[in-house]
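K.L.:
Please find one structure pasted underneath; my questions will follow.
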Amino acid sequence: QMDIFSLSSTHYSHTSPFSANILTGKPHPATTSATAPPITLSLKPSPEPDNPPPSSLFSGNVRRPNTHKPLKTSPSNSTPPNPKIPSNPLKNLVSPTDTATNTSQGLTNKLWLTSKLSPPPPPPPHPRQETISEENEIRVSNNSGSDDLPSIEFRQEGKIFVGNLPHWIKKNEVAEFFRQFGPIKNVILIKGHDDIERNVGFGFIIYGGPTAAKSAMKAVEFDGVEFHGRVLTVKLDDGRRMKSKSEERARWVEGTDGMEYRSKWHEERDGSRSEFRKILETQPENWQAVVRAFEKIKKPSRKEFGLMVNYYARRGDMHRAREAFESMRARGIEPNSHVYTNLIHAYAVGRDMEEAMSCAGKMKDEGIEMTLVTYSIIVGGFAKVGNVEAADQWFKEAKERHSTLNAIIYGNIIYAHCQTCNMDRAEALVRQMEEEGIDAPIDIYHTMIDGYTMIGKENKCLVVFDRLKECGFTPSVISYGCLINLYTKMGKVSKALEVSKMMKLAGIKHNMKTYSMLINGFIKLKDWANAFAIFEDVVREGLKPDVVLYNNIITAFCGMGNMDRAICTVEEMRRQRHRPTTRTFMPIIHGFARAGDMRRALEIFDMMRRSGCIPTVHTFNALILGLVEKRQMEKAIEILDEMFLAGISPNEHTYTIIMHGYASLGDTGKAFEYFNKVKNEGLELDVYAYEALLKACCKSGRMQSALAVTKEMSAQKIPRNTFVYNILIDGWARRGDVWEAADLMQQMKQEAVQPDIHTYTSFINACCKAGDMLRATKTIEEMEAAGVKPNVKTYTTLIHGWARASLPEKALRCFEEMKLAGLRPDKAVYHCLMTSLLSRATIAEEYIYSGILRICGEMVQSGLTVDMGTAVHWSKCLRKIERTGGEITEALQKTFPPDWNSYNTLHAISDLEDNDDGSDIDVDEDGVYYDTDIDGDNDNHDGNTSFDNRLQF
C-alpha cells in the first residue's frame with residue numbers, strides 16, 4: 001500500500017486575513033467604514049527627553065500633529081504616486097455594497113474557461129483625499145496617545161533612579177544613605193560589561209513595605225544632594241528599563257531578536273541558530289547531526305524548539321517530540337499554535353490519536369486558536385488509523401470554524417473514505433470541493449485511483465487517470481504506480497508490464513515501490529522466473545534493495561522451495577545493514593512447516609528471536625498454517641498450546657486456520673468447536689471463518705448444515721463472495737445435484753458476483769456427474785463468452801464426464817482441443833483419458849487403439865509414471881485386449897513404476913479378481929485416477945490463497 005499524502009512542515013502556510021481576502025475578493029469582516037479603508041503611514045513620534053519631569057508622565061495634554069487640508073486640483077494636474085512607495089493592498093477591497101455582486105460571480109470567476117473569456121471587473125473608485133487626511137489625523141492621534149501608556153504599565157511603585165554615582169561605590173554604602181527615607185527592598189547597581197567590579201555610575205533603589213511610594217517621593221526631594229563628592233540625580237523610575245527588558249524578552253521568545261548592536265554572545269548564538277537551520281535543510285536524515293546542532297544553541301527560542309518538534313514529528317518519533325515540547329515549557333516559553341500543531345503531527349504520524357486529542361484539548365483550554373493546518377493533520381491522522389467517524393467529525397468542525405477550506409484537508413477526508421471503500425462519499429466530497437472553487441491537486445487523483453483499486457473497478461481507475469492528463473497534470477511515477485498496483489492486485493501482470501513500458505516511453509524511471517509491486521504480482525502468479533528478472537532489473541538500475549524488496553525475494557525463494565537461498569538472502573540483508581523483520585522470517589518458517597520439517601522451522605524461529613524480532617501471533621500462525629496444509633493437526637494444536645504458554649492470545653485468524661484444517665479432513669464437529677471459540681472469546685467473525693464451516697459441511701456431505709451456515713451469514717450481514725459460492729456449488733456437485741448448482745449460478749448473477757474459473761469448473765463437474773453433457777458443453781461456451789479461459793482442470797473434468805458417458809471418442813476430441821488451446825496435459829488428464837480408452841478397447845475401433853498408443857508415447861516423453869494401483873487396474877484391462885501381450889501391452893508397461901514385475905502383478909491381479917468377483921473396478925471413484933482437486937481438496941479452489949496472503953502480508 002502506498003500512503004499518498006504525508007503532511008510535513010512544508011505544507012504549513014499561515015496566510016494573513018488580508019492576503020486571503022485579496023485572493024477571494026471579499027472585504028475583511030473587521031472593515032466597518034464604507035467610505036474608504038485606513039491607510040498606514042510611517043510616522044515617527046518625536047523622541048522624549050532623557051529626563052522628563054514626573055508630572056509629564058501623568059499629563060493629559062496629548063501632542064497632535066498638524067493637519068494640512070489638501071488643495072483641490074484638477075484631474076489634468078494630478079501627479080502619479082511615487083513608484084517607490086508600495087500601494088496599499090486595502091484599496092483593492094470592494095465596498096460592502098458590491099459584496100452581493102462579487103458573491104454571485106465568485107464561483108464563475110474561478111472556473112478556468114470563464115476566467116479567460118470574461119473581462120475582469122472595473123476597479124473600485126479612489127477614496128477622497130479629505131477622508132484619508134481625517135483618518136490620518138485619528139490614527140496618528142491614537143498612536144501618539146498610545147505611546148504614553150507603556151510608561152504607566154511598566155512603572156514600578158517605590159522605585160527611584162539614582163545617577164552620577166561614584167564608580168567604586170558598593171551596594172551597602174548606597175543602602176545606608178537612602179535608608180533614611182524608608183525601608184529598602186533592593187539596591188540595583190548597573191555593572192560595566194568590561195569591568196564587573198565597578199558600576200557605570202547609576203542604579204536603582206526599590207523601597208518596600210506599605211509606605212514604599214511615600215519613601216520614594218521623599219528620596220526624590222533630595223535630588224542634587226552631594227554624596228562622596230558627587231552631585232546625585234534622584235528621580236522616580238519612568239519604567240523605561242522594565243519596558244525595554246520586556247520587549248527584548250518578547251523578541252527573544254519569538255526568535256526575532258533585532259537588536260542593532262550585538263555582543264559576542266549574541267553573534268555566537270545567531271551563528272549556531274543559522275547552522276541548526278542549515279543542517280535541518282541539508283542533512284535531515286542525519287538525526288545525530290541535527291541534535292548536536294540544536295544542543296549548541298545557547299538559550300533556544302520558541303522558533304528553534306518548534307523546528308525541533310517538527311523534525312521529530314516528520315520522523316514519527318512522538319516521544320522525543322514530546323520531550324522537546326516539555327523542555328521548551330520548562331524554560332518558561334509558552335507554546336503557540338504552530339508548536340502545538342507540530343506536536344499533534346508527531347502523534348498523528350505515530351498513530352497515537354488519543355494523545356493527539358489530548359493536545360488539541362489543551363489548545364482549546366489555553367485559548368489557542370486551532371488553524372486549518374491543525375485540523376488537516378487531525379483529519380489525516382484519523383484517516384490513517386481507519387476512524388472515519390472521527391475524521392468526519394473534525395472535518396465538520398473545521399468547516400464551522402473556518403469559512404474557507406483548502407485542498408489538503410479535503411484530500412485527507414477523501415483519503416479516509418477511500419480507505420474504507422466508501423467511494424460514493426469520496427466522489428461527493430470531490431464534487432463539493434470543486435463547487436467551492438478549490439482546484440484538486442494531483443494527489444487527490446492518486447487517492448481516488450487507489451480507492452477504486454480496492455473495490456476492483458478498473459474502468460473507474462482508467463477514467464480518473466485520463467482525467468488527470470486532461471486537466472494538464474503530467475503523470476508521475478506515483479500515477480503510473482497506482483495503475484501497476486491495480487493490475488498486480490487483479491492478477492493482470494501483463495497489463496502492469498504495459499504500464500511499465502508507458503513509463504519508460506514517458507521518461508519516468510521506476511522506483512523501489514513500483515519494482516516491489518511487479519515482483520509481488522509475479523509471486524502471486526507463482527512466476528518465479530519473472531520475479532527474479534525484475535530483481536535483476538533493480539540491480540542493473542543501480543538501486544539498492546530495501547527491506548520490502550528483500551522480503552519479496554525471500555518469499556519467492558520459499559515459494560519455489562529453495563529454502564537455503566532464502567536463508568542466504570537474510571544474511572545478505574544483514575550485510576547491507578538492513579534489519580530483518582518478522583515478515584522476513586514468516587515465509588521461511590511457513591515453508592519449513594509446510595514441508596513437515598518442524599526442526600528447521602523452529603531453528604528459524606529461534607534465529608528470528610536472536611535477531612531482535614519478537615514473535616507475534618502472525619509468526620505462530622505461519623507455523624500452524626504450514627502444519628495444517630500438511631494435514632498434521634495434532635502438531636498444529638501443540639503449537640497453539642505453546643502460544644498460550646508464551647502469553648500470546650490467538651486471534652480469529654488462528655482459529656480460522658485450524659477450522660480450515662479440520663474442514664479439509666471433513667471433521668465437521670471440530671470445525672464447529674473452534675467456530676464457537678471464536679464467538680465465545682469475542683473475536684471478529686469474518687467471511688473466512690464461514691468459508692471454513694461451509695467447506696467442512698460440503699466435504700462431509702451435510703448440505704443442510706451448509707444452508708444453515710449461509711442463513712447465519714445473511715443474519716450477520718456478511719455478503720457471499722465468489723469463494724463461498726464455489727464451495728456450495730462444489731458441495732452440490734459432489735452429490736450430482738445439477739439443479740441446486742444451477743440455482744446458485746443464477747443467484748451469483750442476481751447478486752452481481754462474478755464467477756471465476758473455479759466456479760465454472762465446479763458447475764461442469766456437477767453437470768458431468770449428473771450426465772448432462774449438453775449443459776456442460778454450453779457452460780464451456782459461456783466461459784469463453786465471459787472472457788474466462790478453461791484451464792487444465794476444466795478440460796480434465798470434461799474428459800471425465802465423457803468417460804462416464806462411455807464416449808471415449810468425445811473425450812479424445814476434448815483432449816486434442818486442450819492441446820490446441822496451448823495447455824499442457826498433466827498426470828490426471830492422462831490417467832482419466834487412458835482409463836476411458838482401455839475400458840472401451842474391446843470394441844474393435846481403430847481410433848481407440850491409435851489413441852492408446854499415442855497417449856502412451858506422450859507419457860513416456862513427459863517422463864510420467866503411474867502408481868501401483870493404477871498399473872494393476874490397467875493390466876487387468878489389458879488382459880481383456882491382449883491376453884498374450886502385444887503392441888499396446890508393450891507401450892503401456894513403459895508407463896508402469898520401476899518396481900513392477902509380472903510375478904507380483906499376476907498375484908495382485910488374481911487377488912483383485914477374487915475380491916471383486918470378476919467385476920470391473922469402478923473408474924468413477926476419484927481415488928483411483930481422478931486427481932484434479934475438483935472436489936475441493938485444493939486450497940486454491942476455495943480461496944485459501946488469498947486467505948494465506950492476508951495472514952502473511
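Each Cβ is built from the backbone N, Cα and C atoms, and glycine gets one as well.
The compositional bias 'Low complexity' annotation in TrEMBL covers 29-45. The compositional bias 'Pro residues' annotation in TrEMBL covers 46-55. The annotation compositional bias 'Polar residues' is assigned in TrEMBL to 94-117. The domain 'RRM' annotation in TrEMBL covers 158-239. Residues annotated as region 'Disordered' in TrEMBL: 23-136. What TrEMBL lists as repeat 'PPR' is 301-335, 371-405, 406-440, 441-475, 511-545, 546-580, 581-615, 616-650, 686-720, 721-755, 756-790, 791-825 (among others).
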K.L.:
If we skip the immediate neighbours and take only residues 6+ beyond the ends of the repeat 'PPR' (581-615), which ones have a Cβ under 8 Å from one of its Cβ atoms?
P.N.:
547, 550-551, 554-555, 558-559, 561, 563, 566-567, 570, 573, 622-627, 629-630, 632, 635, 646, 648, 952-953
K.L.:
So what's near the repeat 'PPR' (301-335) in sequence-distant terms, Cβ-Cβ under 8 Å and 6+ beyond its ends?
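P.N.:
Result: 8-9, 252-255, 257, 273, 276-277, 280, 284, 287, 290, 294, 342-343, 345-347, 349-350, 352, 355, 368.
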K.L.:
Cβ under 8 Å to the repeat 'PPR' (756-790), counting only same-chain residues 6 or more beyond its ends: which ones?
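P.N.:
For the repeat 'PPR' (756-790), the nonlocal Cβ contacts are 722, 725-726, 729-730, 732-734, 736-738, 741-742, 745, 748, 797-798, 800-802, 804-805, 807, 810, 818, 821, 934-935, 940-941.
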K.L.:
Would you mind splitting the repeat 'PPR' (301-335) into helix, strand and coil residue counts from DSSP?
P.N.:
27 helix, 0 strand, 8 coil
K.L.:
Which residues, given as numbers and ranges, are at least 6 beyond the ends of the repeat 'PPR' (546-580) yet have a Cβ under 8 Å from it?
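P.N.:
Tertiary neighbours of the repeat 'PPR' (546-580) are 512-513, 515-516, 519-520, 522-523, 526, 528, 531-532, 535, 538, 587-588, 590-592, 595, 600, 604, 608, 611-613, 952.
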K.L.:
Pull the DSSP breakdown for the repeat 'PPR' (546-580) and write it out as helix, strand, coil residue counts.
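P.N.:
With helix first, then strand, then coil, the repeat 'PPR' (546-580) has 26 helix, 0 strand, 9 coil.
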